[in-house]
Amino acid sequence: ARGEIVGCFGLTEPNHGSDPGRMETRARHNPSAKTYTLRGSKTWITNSPIADLCVVWARCEEDGQVRGFLVERGTPGLSTPKIEGKFSLRASATGMIVMDDVEVPEENVLPNAEGLAGPFGCLTQARYGIAWGALGAAEACLETVRQYVLDRKQFGGPLARNQLVQKKLADMVTEITLGLHACLRLGRLKDEGKAAPEMVSMLKRNSCGKALAIARDARDMLGGNGICDEFHVIRHLMNLEAVN
């Protein structure tokens with residue numbers, strides 16, 4: 001893999017963030033031209049402003065089925081405006097996918113992906129990765145704040161000698177350890193074909209919620225330094241606010 005082509009995944013819409021079953025984006029089949037015409041918009045799409053290829057989900061007018069379509073950069077009627085001013089997940093560009101009578105050939109329809117099972121399957125895989133990644137951010141916060149309270153001297157000694165600080169560190173490492181074991185177990189269930197989507201959703205929710213709490217405590221334990229990018233805790237905190 002050389003990474004020469006960037007893709008994006010377009011499901012979320014301005015009026016239907018968590019309710020894709022009511023999506024407004026429509027696809028009209030043109031049998032004589034062997035094409036589909038797409039009209040609608042997607043938002044909060046990672047990499048859409050720079051993507052060479054957009055995977056867009058739309059409801060077909062002829063049968064009401066949701067299908068996936070490949071839309072290439074440069075197709076007439078396609079625009080991907082960037083969402084500016086993010087304070088979170090700043091390493092990637094986020095934007096919209098706007099389609100004003102975008103025409104794509106029939107071969108650009110994703111095979112074997114009818115209904116919402118296709119996009120939901122993709123989201124389940126993404127959530128599994130987030131379950132691990134959120135714990136990685138929590139580990140980074142723990143490592144940073146642990147070293148800080150060992151080094152930082154106040155009232156004649158390191159902050160780490162205070163029992164309240166020690167309890168917070170113990171709570172952090174406990175939650176991270178439990179989360180990692182749960183993710184590992186889920187991974188093995190996936191390998192065995194026994195993992196249900198609900199399991200992934202629960203672990204994603206748990207990892208993000210616990211990691212966010214850890215990041216907030218770590219930022220607090222850093223005092224005023226907690227808002228400085230020197231320690232990166234505030235960066236993890238803002239990112240976790242988004243994935244939570």
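A Cβ is built for glycine as well, from the same backbone N, Cα and C atoms used for every other residue.
Taking the domain 'Acyl-CoA oxidase/dehydrogenase middle' (8-102) as a whole, pLDDT averages 96 in the prediction. Sequence annotations record features per position, and here TrEMBL assigns domain 'Acyl-CoA oxidase/dehydrogenase middle' to 8-102.
What TrEMBL records for 121-239 is domain 'Acyl-CoA dehydrogenase/oxidase C-terminal'. As a summary of secondary structure, the domain 'Acyl-CoA dehydrogenase/oxidase C-terminal' (121-239) carries 100 helix, 4 strand, 15 coil according to DSSP.
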